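Summarising the annotation, Swiss-Prot assigns repeat 'WD 1' to 162-206 and lists sequence analysis as the type of evidence. Look at Swiss-Prot and you will find 208-247 tagged as repeat 'WD 2'. Under the heading repeat 'WD 3', Swiss-Prot lists 250-289, citing sequence analysis as support.
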């Protein structure tokens, strides 16, 4: 069972964007950072374990040549082997900051030359893979940035061309030294998934076709791809082959966020039906097939959810954001 803990107030509310919550745990400092997007700004908050807000500040998208301020599409902390960077994407470009958000170390402007006059230009979908940070774009390309151990000498090292539709989300997991391992998956507005092997050069391993609905959120855990779709379903695929093992009718409306507690294999799903569910993923020791068990369901009444994240790697607490909701709601197990 989970209970509603003390909420963390926001200055505004959360924009109606999928995956609109990022969480960074800082156990050494007994702090948790939260990041939420609202229009042209991103709100960064730090809170003590009891949910007591300690600090709050705003980041704004870098101005371009346009008349109106650019809208932010996502904010996400990327945990690299040697540093943590905060990445902010917008309709203008990609901004990278030190983890506290005070120092910008890199700016990449989006090239709108290939876009048609009626096509929106934006970046969306952020994940760290080794010493790389991968960011999706409106064109379907994934930009791969090589991150140094310190300093601002960040380099765009590669562009991955597996998609024809805008990227929605990217998920990664450590490769753990295995050969030919599938350690990154990208999703797009058509529901297509591309599975990659990271490295000095990223390699496309397989494509998992869509079926007419977008895939707003995707996660990867021990070779299992969890994909949340616009029809409320969660699909579990074998990453190396792309084979579908499990199909869950998880929500009555579109899924807006997935997250994984990596230590225990718990999957968090949030949908526009106001529900949050927790699932336990595992493999049958004899057949190797993927299995799933429903652990918990929570209704956040009268709220269009748009973000959900575990607050710890063991899945004992989670937080959610909602459109027009001026707080981050926290839940913990009892």
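Every residue gets a Cβ built from N, Cα and C, even glycine.
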Mean per-residue pLDDT in the repeat 'WD 2' (208-247) works out to 97
Can you count helix, strand and coil residues in the repeat 'WD 2' (208-247) using DSSP? 0 helix, 21 strand, 19 coil
